[in-house]
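Down below is the structure, laid out as structure tokens.
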Amino acid sequence: MKFGVVVFPGSNCDRDVAYVTRDLLGQPTRMVWHQDTDIADLDVVIIPGGFSYGDYLRCGAIARFSPVMQQVVEHAQKGKLVLGICNGFQVLTEAGLLPGALARNQDLHFICDRVPLTVESTNSLWTQAYNPGEVITLPIAHGEGRFYADEATLSEIEDNGQVLFRYAGENPNGSLNNIAGICDRQGNVLGMMPHPERASDPVLGGSDGLKLFQGLLEKVVALA
């Protein structure tokens, strides 16, 4: 399985993600510059965290217009896998690949912490390596991570089983319905505010995030 990690001006988690896919999982991985327009060789595109374009105007608002994003949209429309982490989640909502939006944290402060999450569904490529209802711990680091959607959209997301992760216990940012991560209706696009790549190597204090990536590989092996 070949991974591509998109690099925008201001991205700062791209190498963390590549370390997981290339070094921990041994998968071919290439860094995709924001001006690239050929990603046909990739199976999974990951938009990492950071501050793309300095978060000017609105988080992810400028990044969505980068040349590579049109290719990412087409990649997703073909049913291929796309993962947006933190700022990447914001970019995916701006690009219309995921519903809702990410607004300023309820307390208006930047949050950097480790938080418990409940795995809401394992009927997904992204979460199949977890157990239903499993509580995992992942780092968060964001100032605009409060998931918001209008009532109709929120109901649709819930009814379709698109919520894959919820904050367990205290809601750190005021996200509606404690939402921490959602997928699109097809299930091939995932956006999440917590950072699984920062909890993949036990040396860093936890490996709960590694299963997110391992599940994809297990699916490929099963289909082989």
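Every residue gets a Cβ built from N, Cα and C, even glycine.
What Swiss-Prot records for 3-224 is domain 'Glutamine amidotransferase type-1', and it gives sequence analysis as the kind of evidence. Residues annotated as active site, nucleophile in Swiss-Prot: C86. The feature active site is assigned by Swiss-Prot to H195, E197, with sequence analysis given as support.
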Number of other Cβ atoms within 10 Å of the Cβ of C86 (active site, nucleophile) across all protein chains: 28
Rounded Cα separation (Å) that holds between C86 (active site, nucleophile) and H195 (active site): 7
Most crowded position, judged by CB atoms within 10 A, among H195, E197 as active-site residues: E197
Mean predicted confidence [pLDDT] for the domain 'Glutamine amidotransferase type-1' (3-224): 93
Assigned conformation of E197 (active site) - DSSP reduced to three states: helix
